[in-house]
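J.: So TrEMBL lists these for the protein:
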- 12-34: transmembrane segment (TRANSMEM)
- 22-291: domain 'G-protein coupled receptors family 1 profile' (DOMAIN)
- 46-64: transmembrane segment (TRANSMEM)
- 94-111: transmembrane segment (TRANSMEM)
- 123-149: transmembrane segment (TRANSMEM)
- 191-209: transmembrane segment (TRANSMEM)
- 238-257: transmembrane segment (TRANSMEM)
- 277-293: transmembrane segment (TRANSMEM)
Amino acid sequence: MASEVFVRGMLFLFLTVVGIPGNATVIVAFLLLLYQEKRLLAADSILLHLACVNLLVVVVRALTETLASFRLADIFGDTGCKSVIFIYRATRGLSIWLTFLLSTYQCLSIAPPGSSWASVRALLGHYLAFVFLFLWVLNACMTTAAILFSFSTKNETSPIDNGINVQFCYLNFPSKLSRDANGAIQVGRDVVPMALMTLASLIILVFLYKHSQQVKGLRSSGGGGAGNSGAEQRAAKAVVALVTLYVVFYGADNGLWVYTLTVKKTMSSSLISDLRLFFGSLYAALSPLVIIASNRKVNSRLGCVAHEKSAVEKIKNLSSM
């Protein structure tokens with residue numbers, strides 16, 4: 001096995017080992033919350049949906065790349081390439097838009113009660129299922145090029161001028177115009193929510209700063225702190241952390257994607273595409289760690305599960321004595 005392929009396999013193995021258990025943990029925690037309380041708040045529903053989508057990203061891309069790199073499974077035939085690239089691109093885009101939706105909802109949550117923005121937040125929460133459906137359809141429609149133009153590298157016999165090398169697959173566009181148009185659509189799909197969620201995060205940071213100044217003023221004058229908004233502040237900080245992760249990782253991903261579009265001929269090495277896939281999947285693998293560390297509902301459910309397991313083990317030990 002070539003050293004480049006080995007390193008590639010180890011990188012995607014890292015994403016698999018971190019991303020699958022992390023996202024599965026978040027999903028189980030929110031399902032337990034749903035079972036116990038019979039409902040989920042809108043923000044919790046978005047986080048659950050985000051964890052499910054991120055799990056798909058890691059399984060479909062990182063796990064398959066790991067298996068193929070170590071030659072544990074033969075996945076990337078023509079049908080495999082079309083399926084993997086389509087599902088990865090659709091779920092990757094959906095992960096981005098769900099993060100934007102989460103930051104927008106959290107930004108609206110700091111609006112004063114009774115304001116028009118608070119009404120928008122209530123409306124968004126009420127029709128959240130339709131928003132999810134719209135985002136699924138939107139990202140699936142914007143990913144049709146993966147089905148039309150992707151094929152396995154096994155069938156490649158001659159150099160192609162308007163293709164993109166992704167190690168086990170090629171994206172072979174019929175013309176430079178179609179390649180550039182598809183690239184522009186992909187970049188636009190990422191940059192628009194990136195700009196909007198960055199704006200939402202700045203608004204949240206300004207609110208948190210003003211709130212901290214108000215609390216300092218109350219303490220210096222002998223008044224009590226505003227304890228009721230503690231949960232909102234923690235949630236807002238977690239959202240800002242998720243958005244920061246997104247901007248860093250997907251910013252690198254899109255920068256490399258733009259570079260690939262400037263290359264006239266298909267690169268013989270898939271290094272740039274490998275780095276793109278790694279950064280594009282890194283958010284899906286690491287974001288559940290932020291959710292686990294910052295979300296008290298997730299922590300409490302995981303604590304309950306751990307406590308129940310320890311209680312069962314104690315009972316078994318006592319019964320065996």
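Backbone N, Cα and C define each Cβ position, glycine as well.
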J.: Looking at the transmembrane segment (94-111) and the transmembrane segment (12-34), are there 3+ C-beta pairs under 8 A, with each pair at least 6 apart in sequence?
T.: no
J.: Rank 46-64, 191-209, 238-257, 277-293 by Cβ pairs under 8 Å to the transmembrane segment (12-34) and hand me the top one.
T.: 46-64
J.: Using Cβ atoms and a strict cutoff of less than 8 Å, what residues sit near the transmembrane segment (238-257) while being 6 or more residues removed from its termini?
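T.: Long-range Cβ neighbours of the transmembrane segment (238-257): 96, 99, 102-103, 106, 183, 186-187, 190-191, 194, 197-198, 200-201, 204-205, 272-273, 275-276, 279-280, 282-283, 286-287, 290-291, 294-295.
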